[in-house]
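What follows is a single structure, written as structure tokens, with notes after it.
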């Protein structure tokens, strides 16, 4: 995909909201349009957005830089991680993006934050280090080669914070990998707090790749834990799976005011992607509620835009060069 200078400027103006009139969900659409370019222009424009005040947007900026997977993005991501005044949700995403880009030079920097005051930042750095180290193993190198194969049809195109467990790394799961016995084993590994987080994440993404209702139930059991990072990743996985079977637990998470904003935000966006009729009332409720945390309210706004896209028949969500959408009615 190649864009003219005029088109790039239009996307930049949308993402950075230079007019002050661009709705958040339109900024996100423009951002994901840039992400799809996977080039230096996209990195340059996305990197400018960290001056914004919106934590949700900056978290999405960091995510997109990681998914572009270009070391040119590392300086800005390192700067975000090092900034103690930045929202922890943004710093965590910067660390995760460094893991996605996966250069050995990032390991010493990530190690500096293994004792960060914020738990989600500490845990993300732990997982990112383990991922970079795994990527350098024989299994990791083989998987990297497979993921870069243009002829491959992956189950998911995302660069995940941890690979699925062996046997469920790529391609459709074999029958022996989706048995109830295997799901129970993965569930046990997912919930075992004595295991390294990286290994628990591997079980999480293996269950995602299985994708059955039983696998969804196993993943949902992870919402009972005390790690906001872990629970937010489960909600993210549900947003990839798009299984209506996950809707009840995601609504419960969104409605749970004592839950971390980071977890509720991810639950909201997952609901928007699933886009069944029953997700609309809670999303509209939390857009309108005066007591909704900013990140939760904004995530519901983005989720409603996702819902409208999924139910519109439009071909492409990342259509940031089209006319801005109208405000979402609540």
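Here the Cβ of each residue, glycine as well, is placed from N, Cα and C on the backbone.
Here is what Swiss-Prot records for this protein:
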REPEAT    57-83  repeat 'HEAT-like PBS-type 1'
BINDING   59, 60, 92, 93  Fe cation 1 binding site
REPEAT    90-116  repeat 'HEAT-like PBS-type 2'
REPEAT    199-225  repeat 'HEAT-like PBS-type 3'
BINDING   232, 233, 265, 266  Fe cation 2 binding site
REPEAT    263-289  repeat 'HEAT-like PBS-type 4'
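Working note on the binding-site residues 59, 232, 265: by count of other C-beta atoms within 10 Å of each C-beta, 265 ranks first. Of the recorded residues, residue 265 (Fe cation 2 binding site) and residue 92 (Fe cation 1 binding site) place their C-alpha atoms 14 Å from one another.
Remote same-chain residues near the repeat 'HEAT-like PBS-type 2' (90-116) are listed as 50, 55, 58-59, 62-63, 65-67, 69-71, 73-74, 77-78, 80-81, 83, 122, 124-129, 131-133, 135-136, 159, 161, 229, 262 (criterion: CB distance under 8 Å, separation of at least six residues from the stretch ends). The Fe cation 1 site is set by 59, 60, 92, 93; from the centre of their CB atoms, other residues of the chain with a CB within 8 Å are 55, 58, 61, 62, 63, 89, 90, 94, 96.
With a cut-off of 8 Å between Cβ atoms, the residues of this chain six or more beyond the repeat 'HEAT-like PBS-type 4' (263-289) that come close are 56, 89, 223, 228, 231-233, 235-236, 238-239, 242-244, 246-247, 250-251, 253-256, 295-307, 310-311, 328, 330. Rounded to a whole number, the distance between the Cα atoms of residue 233 (Fe cation 2 binding site) and residue 93 (Fe cation 1 binding site) is 11 Å.
Of all the binding-site residues listed here (60, 93, 233), it is 60 whose C-beta has the fewest other C-beta atoms within 10 angstroms.
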